[in-house]
Amino acid sequence: MTSAILSALCVLTKPIGGKLIFSEALIAALQTNQALLEERLQGEKGLYEVRRLREEVRAGVPWICTDTEDVTWSFVQECLLLLLSLARNLTLQLELFNQAPSPAMSRLRTPEMAPPLPPDVLSVAQQKTLGAALQFVVSLGLCPYLALGVGVPLGRRSAFGKLVEGLVCHDVAPVPERRLLTTTAVLLELSVLSSLATMVYTRHLGDVMAALCQLGYRPEKGTTKEEKISKEERKNCREALQKLLGKVYQPIVIKELLILQGGPGTSGGNRSPLSQAPPWLRRLCGQLLSERLMQPNGVQSVMRAILEGGAGGESDWRKCDGVARILAACPQQSLSSDSYYSQVCPQILELLHFRDKLTAQQFQRVATRAALTMVQDCPMFALQYLLTPLFSSLLRCGQMTVEEWELTRCVEDVFKICVVGNSPSAPLLKALGEVVPVLFDLYCFTKKNASHLRAPCQEILLWYFGNSELSVALSTLQQLCAMDGGAGGVASGFHFTPGSDGGAQLNPSETISDEDDALYEKVSGEQWRVECLAQLLAEMKDSDLPGDFFLELLQALTCWAAEEEEEEEQEVDTSAMTLLQLEQHLLGKVTGRGQKLALLQVLAVMCEGLPHTLLLRKPTQVVEFIVAMLQRACVGLDQVRAAASPVETQTLSMGMGLVATLLSGPSPLSAEDYSSMSRLLPPLEEISQRHPEVVIQELASDLRAAIATHGAYQPDNVTRATQYQSPKMDNNVSGDSLGPAGVSEPSSGTHSRAFSDCMLGACDPEVPTRAVALRTLTRAIQNGDREALQNQEKVLMLFLENLEHEDTFVYLSAIQGLAVLSDVFPERILLRLQEEYQNVPSSQKERSLETRLKVGEVLMRASRAMGDLAPHHGRPLIGVFLRGTRDEDRSVRASCLSNLGELCQRLNYALGPWAEELSTCLTALIKTEKEAEVRRAAVHVIALLLRGLSDKATEVLSDVLLDLYRALKWVVRSDTDDVTVLHAQLALEDLDDVMRRFIFPVQKLEKKIVVLP
């Protein structure tokens, strides 16, 4: 039955031979096909059922017009009757198909058989016939009756469309509005079946929507009584349109609505591809588009409608920006701006979470641009519905636990909006500033662990500080350093922990009962925050913020000194205070002390970790630095002891030396430079009048005169001050360690006196003085100082004695000095160090153990510095280290093995005679040693041997290579320590590389050319 109906449709839509050019030929073809169909329906027995069903359909529809004079409408009626017959036949067959199958059919089915096809599945040829019939129906029975500006005219679609427009007769029965209603109703009835709906909506959705819009919403003014349709019919058309828009794929609906909305028309001589739609249709499409946008996933539907099919080119970026502007603007059809943004903003944030590469790229750009446009144009709604949800996970870090996925998504979204979007605005920076403390805490955590959140956190912080106002950035930096009394960030009782996917999560922290441990955790945490802040500032290589922050700290330090002086002058009478007032007074002093300690801590870390080229990038910053130094010196003039102290004198000397250097530099100063240096005049005047030393008074007065005259008056002592006050930092440090003479008279002492002072300083009870003296002696030996080399025995004794010092700064300086000394005099010093390493007085067992380990460190550094002389000087050390592997203390055994590995990897072929003994020792330690630390060191020695010898391992270790391999395999199979097993696996990988290169050498395609004499 289905095939018969489709064959009848094929007869009706069969093209006539020849090319249709004139409208008369097309009319004749339509009439001929109608007559041929009627003839076949009457004459062929196979089409009897088709004729019967068609007559039933004809009898049941009210729109048949038998006396019409329009050939095209008569043809359309025949097509509609056959299409309705097809739909009813398929509906009946589907009902029978969906009933329970007969028992006979069930017995014939096997598991391997494919399920039977439903009866509404059409073949390719049948779909082609059905598509042709639908095209005739739409072209002849729907499009010609659309009002001007409704839909795309047929004339703009094809040349055949232009031909069809002139064939339709509008002035004969039935009226055009009835024809349009009839065709639309039949198409909607066909679309009840899914197979037919696919054919209708994939090709003619826009035309059906245009017809429903005209029938349901077109104003009735200007239409005759015959053309009008009833209110019930208009209502049905509106309901049908809403139903149609709800069940079709939304991006397609939105695309068709945009087409129906029309173009701008003809303006400036340029004709738009879309005709201008009437006002009622534009308003209707705008309302329908707004409804699509505000429904769930409406934003995504709008984007897919506009962006689908793009390849990511320049046009796609323009489309993305256009969509972003549409989303950011509240439509006029919306009930209120509040309801619009409350529904759209969450959908915009969801666009940031797509994983498909092309889709994510387009969606994220739209989301970023839309969010930034909203923040600029509607900051109030953006803060409530966009920024607050965006930062919600970071904001909750101050109150409750946060899961890893929430924190990761939040950081990534903030990175996309702020850093990738890169459109700073005051509302965005203010909202981001509220979570900067938490973000900085997270950044500090990621610096301790391997986390993928480190880079985005760092980029967000750099973006914030780079785009914020200077005052806000400086205030935020002070807050992060806890200089304002509280660092903010994560609430107390919570801390970040590593997540399972490489991120971080916020969990409650364990309570520390021991007060000392709690204090240590707090102090170490604050120190780590300051170090992370310094590393963050070090990344701002093209910014003036690090220098401005450094100068701000120096200014605060100067104010602190002035406050200290005022507090000493004003004694507070605590006897008249109540207990509450006394408590508040004491708490205020403690808080102030804590902030001052934080200030000193930040200054120390910045001076140590940041280069001067970053702290003082501009000449104005250098001048600000000098101003801060001189002002601090002026504050200390009121205190006699402070003014006469070496530290204050050296600080003042350095500041005035910098001023002299600026004035006597090779490049002339400009008027702007002298204008900025005018700020130095008041402190220089105060120093020239109040400083107790006459020399400094005169120098300050001359510098002031040179600045005031813009360099016209420049006495000789300014140039001398440049040479005098600009020594290298090493000389300044050593001068401070030698006492006041090194400050006040740096050039008067003889070389012998300076060396004697260094020797005395190495015995000074003050740790800084002793450490600086040791480092000065080390540099003297490195530079080949004659007096230091002559007194090598005394210097050696000083270094050995300072090895027993408890302070790290001191004994590390001694270790460095002994390493340098052994490099200059290897034979004598190494022999003495070997004796110190082996001969231990039993009365000082604990102290001697630490000393032996320190001497072992010296020997290791000496081994590294031997270079090509290692085979000559290193042989005695091998015996010393091998004997040390039998020491009763595990630390000494591990130290000896570590030193042995460092030495053996540099011996090359000289290791051959020791290979057997070395293999025996290492194998025995690996299999019999109880301490895991020693076993790790033994395996590590094998790894260092293989790495140091590389391709020479097969020659040097040829007799013991198999034993070493078996020992490593034994460790992998039997050892219980995971670290030892890991070292063994790494060593086996190195051995595998060596053997592969030995068995399969690299083939070099070389051609040797010999020039004969």
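Cβ from N, Cα, C; glycine included.
Straight from TrEMBL, the features:
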COMPBIAS  726-735  compositional bias 'Polar residues'
DOMAIN    3-292  domain 'TANGO6 N-terminal'
DOMAIN    293-543  domain 'TANGO6 HEAT repeat'
DOMAIN    758-869  domain 'RNA polymerase II assembly factor Rtp1 C-terminal'
DOMAIN    960-993  domain 'RNA polymerase II assembly factor Rtp1 C-terminal'
REGION    726-750  region 'Disordered'
State the residues, same chain only, that lie 6 or more residues beyond the ends of the domain 'RNA polymerase II assembly factor Rtp1 C-terminal' (960-993) and have a CB under 8 A from a CB inside it; answer 'none' if no residue qualifies.
915-916, 918-919, 922-923, 926-927, 932, 935-936, 939-940, 942-943, 945-947, 953-954
On the DSSP side of things, how many residues of the domain 'RNA polymerase II assembly factor Rtp1 C-terminal' (960-993) fall into helix, strand and coil, could you say?
30 helix, 0 strand, 4 coil
Of the residues in the domain 'RNA polymerase II assembly factor Rtp1 C-terminal' (758-869), how many are helix, strand and coil by DSSP?
94 helix, 0 strand, 18 coil
In this predicted model, what is the average pLDDT of the domain 'TANGO6 HEAT repeat' (293-543)?
84
